[in-house]
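According to TrEMBL, the feature active site, nucleophile maps to T410. Per TrEMBL, L-glutamate binding site is recorded for R140, T428, V429, N430, D452. Sequence annotations record features per position, and here TrEMBL assigns transmembrane segment to 27-50.
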Amino acid sequence: MTTAHDTLSSSLLGYRAPSDPKPSRRAWTVASSILVVASLLLLLVFGVIVTNDVDGPKKWLSEGETEVVESENGVVAADDGRCSAIGAEALRAGGHAVDAAVAVALCVGVVNPMSSGIGGGGFIVVRSAETAVAEAFDARETAPSAASQNMYANNPTAKEIGPLSMGVPGELLGLHLAWSKHGRLPWKSLFQPSIKLARDGFVVAPYLAQAIARSEQAMLADPGLHSVFTRDDKILKAGDTCSNPELARSLEAVSEEGPKAFYDGWVGEKLVEDVKAAGGVITKEDLKGYRVEVSKAMEVDVMGFKILGMPLPSSGTLGMSLVLNVLGSYGSPDAVKGSLGVHRLIEALKHMFAMRMNLGDSNFVNATSYERDMLSKSFAEKVQHKIFDNTTFDPGYYLTRWSQLRDHGTSHFCVVDADRNAVSMTTTVNYYFGARMLSPSTGIVLNNEMDDFSTPTEKTPISFPLHLQTSLSQTRDHCLQ
């Protein structure tokens, strides 16, 4: 018989855990809260999560719908069923969770280009089942070497739209580094499904159609976007077929030559030429000089559970800790249930979003005191005292001295293989369709990560922007939950 604890493990990972002890009510509430907070952060961005277990068919889940997935050989959860299926196929072929993650990330970049792609960056957390150690791969975009703190003084919108808003992409190098450490399948094989989708075409899903409609002005104005996402000067709609042959060529080159094709080869060279022609400042040297930061994943203990996630410049792990400690400070599981519990959660999230604006790239910003506060239970209690059960406030009540950033245009997925190796990855181009530009020569959507820098970090060359990316896994008693 499946216990509640089995259901929790299955819904996350597709595994049963019949030998695990029955959890206490408090532990169950903490685990449920972790799921709720993480799901809210994801659903605020995507609106849908799609799972695919290796043993069964794909399943689309609408917002608010839940499903328990049980599988002996692994599970993939992405925001597009086609990509979940591609990842599951990599697991069936004997691949490591990282192999599946590479295949999924490439697929999402093709079928959901408004949210991610090889012209963007991401965070990857890889947990080894054998060592129980989690690595954090920071593959976020960096500021170009020509960036400066006053480069947008005469045109503030240039940091949001256009070639000057582009950071140096990191996704491909991050994926390759993780694969070189853990991958089992040939690098080239992981690209083939996405190359086929880009070359032969794919059906436009409702979410992509919605993003295209919201960005219609950009679709019609930018030659690159126009060539891919319009037909006869009309934007594509749900059910239409979309293809991107230039992106297929770029992916083919990277599959054959590795990331060198992008960072020191013809793909990167063509990309830089397109960006420069449009007025951008990224150079071939910026691409050659890009490096992925690898570190031990950040560990946060919350009532017996260990949350493994990204350190700065991701604020997701710190933010998750603060929100959960605020909810825990109410002292009773009943205090965070029902409509009142939802109100308290939303208010805690507002305070967390404001607090994170004090953070930035730890190589350039000293945010030690803010990190300490966000991990502190006593600080969480102070935040809890600022939450009123019958009141909500204007933004100024929550915000500190910095203005809030917008967060959308991002994708997240999770993979667990048969050995219980786990990958949690967030991939992004920042806003919908990033800089609202697509490189005509390469088919790559350009990110606009320069808008994502927190005020403390500013645009320091080679620094990483702040982001609320929550790539994490959850363990208890050294076991993946």
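Note that Cβ sites are derived from N, Cα and C of the backbone, with glycine treated the same way.
A TrEMBL annotation is a machine prediction, not a hand-curated record.
Annotated features, which come from TrEMBL, shown on the structure.
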residue : record                   : CB count, 10 Å
R140    : L-glutamate binding site : 32
T410    : active site, nucleophile : 26
T428    : L-glutamate binding site : 28
V429    : L-glutamate binding site : 33
N430    : L-glutamate binding site : 31
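Using a 10 Å Cα-Cα cut-off from T410 (active site, nucleophile), the binding-site residues that qualify among R140, T428, V429, N430 are T428, V429, N430.
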